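**Q** Here it is, the structure in full.
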């Protein structure tokens with residue numbers, strides 16, 4: 001009887017049930033994001049309309065901040081530096097991604113890893129390495145032509161370096177899938193390569209390009225780690241936050257700056273939302289996957305360009321590795337292993353390293369599953385339309401939130417005496433969640449970019465075949481998007497290994513992560529041990545990336561056979 | 001539904017917490033927030049545990065700015081039981097928020113009056129003094145042919161144009177006490193005039209008090225205005241620097257200790273504060289600092305002038321706290337923007 005009952009249920013209601021389940025899940029992910037992103041953020045930013053005693057103060061804090069001398073300069077500096085970094089990074093990353101995805105040059109997987117290498121070390125290490133290359137004692141100081149690295153030049157260099165992999169990840173996903181028929185058509189019509197590039201390739205990657213530009217811009221404008229180390233006297237909004245909160249303990253005014261810094265993310269959300277309506281899938285159900293054929297000139301140029309960029313990127317990490325093996329830079333360059341011994345001897349550094357490993361693994365596993373599934377719900381299911389813009393906004397917000405604001409928001413919200421989730425505070429779990437939230441935007445955009453490339457027709461077909469949409473996700477969508485999914489997992493892992501800004505407020509004495517202990521060593525002037533610890537992290541992340549590459553190669557060979565061009 | 005998930009979550013967290021509890025549950029654990037150096041922590045913990053083996057200290061260590069911001073963010077439900085080795089200027093901020101529990105540790109009268117809170121019983125007590133110091137890179141100075149430095153005024157000589165680094169007072173407590181010291185030594189008007197001239201020679205204002213000395217140590221810039229402990233530690237690590245204590249007077253702050261109000265471990269917290277001003281503790285502090293809160297403990301530091309303590313300016317922490325916003329606004333107006341209004 002039960003079977004009978006079930007059969008009667010299943011046949012007519014599958015599509016409806018499917019839709020309803022998806023809507024409930026949508027509500028659930030919205031609730032999760034409200035709880036772990038919106039609520040902590042609000043707990044911090046509400047301080048912008050309060051005075052120090054916690055009374056409502058209207059716009060008084062804004063007025064006080066606007067009256068501060070040099071504010072216009074901060075705003076202008078933030079804008080032009082971020083725009084410059086965007087103009088450098090996005091084309092550079094696009095060319096790199098293009099060579100990786102659309103050429104037959106050798107060594108692509110190694111070059112891809114080199115392209116992502118800025119993620120492997122803590123951002124602090126990069127800024128220090130730039131000082132060692134271009135500072136007053138720098139090996140390449142002559143290249144600066146008498147211009148000091150401290151200030152806009154240093155910030156632009158370091159930020160371009162730091163944002164390169166974020167843009168590369170999104171653009172690689174954007175160029176992963178293309179319809180080979182379009183290229184055949186272009187060739188048949190006698191279009192030149194350049195014209196084909198302009199009319200087929202670029203439009204196909206438009207969504208990825210705009211997303212990458214917004215991520216790079218928001219990242220640069222909201223990051224205070226780089227200007228803090230290499231910015232000298234150069235004023236930016238993110239430095240203002242640091243001065244207000246850390247320098248003067250004025251949370252209220254820091255919250256004002258935090259709110260102002262959300263504007264670029266808000267703008268990004270609006271652009272994203274407008275583009276949704278015009279977006280077209282590149283990979284329709286009838287598409288033939290495009291596979292690049294060898295072309296000597298293109299492959300040669302690609303290889304040359306990627307090798308040069310990879311070399312430059314690796315030189316930055318190389319300086320940190322070098323520093324970890326010399327006695328006292330720059331005065332005593334005798335080689336030594338002392339820093340490793342000292343660094344490992346330091347109280348808790350080894351346990352910090354294990355903390356980081358556990359945290360990064362959890363972040364990669366949970367984060368990838370949650371982010372990809374949420375992106376899928378957003379792109380491939382129907383109904384609950386009021387929630388969708390909200391979800392897009394939630395996904396865009398994190399890129400405009402300085403880690404410092406997020407971290408303090410977590411403290412204020414989760415440590416509140418009446419919060420039923422208070423038990424999470426001071427645990428590893430809360431750090432994992434904070435990492436996922438902090439790096440949400442790029443991962444979300446990568447997932448959406450990959451999903452957008454797949455025609456909705458797949459869902460329509462599966463619905464008409466009475467196959468659950470969830471089964472289509474498992475059988476078709478996930479395998480097609482697997483490269484992007486793996487990319488997201490790796491991105492989350494390496495970022496969790498190196499991030500500091502949000503965690504510095506929420507770690508407890510037993511959950512100290514390695515990147516924070518590097519910051520401590522650097523603050524204490526122990527540059528050698530700091531570089532040694534950073535080298536350990538870089539080595540670990542590299543090892544994980546290599547294992548990952550082997551694993552994904554095996555996995556992809558099984559799942560991506562459809563990409564092979566038909567004879 | 002949501003509530004049940006939450007309950008399950010809480011149970012899970014509770015069980016995990018219970019499993020993680022150490023076997024020796026009778027040991028009291030104190031959460032202590034600190035900005036002390038890691039190597040100092042080890043020595044202090046050992047020293048304290050020799051007297052009180054039954055109290056375990058769990059340190060949360062970070063820079064002064066971060067630790068202060070963290071404790072403030074937690075103020076509705078503090079995690080820390082004790083703050084130890086955090087600047088007195090931060091203690092004043094905590095006090096304003098009502099975060100400190102007054103307590104007179106045993107032997108309080110031995111602590112010099114200017115090195116403890118004026119309230120009775122005090123909200124905090126000082127441990128040691130960290131005063132201003134200049135790190136002067138001898139190798140670079142020789143290369144550049146720079147003259148020797150003995151006073152703050154020397155730094156305004158034209159030879160030092162673009163050669164001096166100091167902490168930004170808006171970002172760093174060290175930078176702030178430098179500025180207040182100059183205002184107190186030279187008087188308000190002459191103080192600002194001095195900073196105008198110094199500003200012409202400053203290459204970079206950094207965001208941390210340690211950074212200028214480390215930059216001087218690495219030869220990035222030959223002269224860094226920093227503080228005594230960092231200066232000595234940098235020289236120990238092999239940097240070719242000379243530490244200069246300018247003759248006009250030195251700004252300073254204290255490393256201080258206080259009990260966080262509402263702590264459930266008041267007994268243990270009091271024991272830690274008692275120890276923090278004990279002879280044992282002072283002897284340990286004296287290894288790293290020239291001046292400690294209880295007089296009569298000779299420093300074991302070399303190269304510290306005999307009259308070091310007399311060079312410290314008369315700090316008025318209340319005045320510094322009350323005028324902080326106004327001083328920083330004036331400073332920002334004069335030096336933080338490129339178009340200098342002169």
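For all residues, glycine too, the Cβ spot is worked out from N, Cα and C.
Those TrEMBL annotations? Automatic predictions, nothing curated.
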**Q** From A:2-19, A:56-73, A:236-253, A:254-271, which range did TrEMBL mark with transmembrane segment?
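**A** Checking TrEMBL against the ranges A:2-19, A:56-73, A:236-253, A:254-271, the transmembrane segment one is A:254-271.
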**Q** Out of A:155-176, A:331-352, let me know the one TrEMBL marks transmembrane segment.
**A** A:155-176
**Q** Residues of the same chain, at least six outside the transmembrane segment (A:530-556), with any C-beta under 8 angstroms of its C-beta?
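**A** For the transmembrane segment (A:530-556), the far contacts come to 109, 113, 116, 119-122, 125, 128, 317, 320-321, 323-324, 339-340, 342-343, 349, 353, 356-357, 482-483, 486, 489-490, 493-494, 497-498, 514-515, 517-518, 521-522.
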**Q** Near the transmembrane segment (A:390-412), which same-chain residues lie under 8 Å Cβ to Cβ, leaving out any that are not at least 6 residues past its ends?
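**A** Beyond its ends, the transmembrane segment (A:390-412) has Cβ neighbours at 26, 29-30, 33-34, 37-38, 40-45, 214-215, 218-219, 221-224, 238, 241-242, 245-246, 251, 254-255, 258, 261-266, 268-269, 272-273, 276, 374-375, 378, 425, 430, 434, 437-442, 444-445, 499-506.
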**Q** What same-chain residues lie close to the transmembrane segment (A:303-329): Cβ under 8 Å, and 6 or more beyond its ends?
**A** 92, 95-96, 99-100, 103, 105-107, 111, 114-115, 117-118, 120-121, 125-126, 128-130, 132-133, 161, 164, 335-340, 527-529, 531-532, 534-535, 538
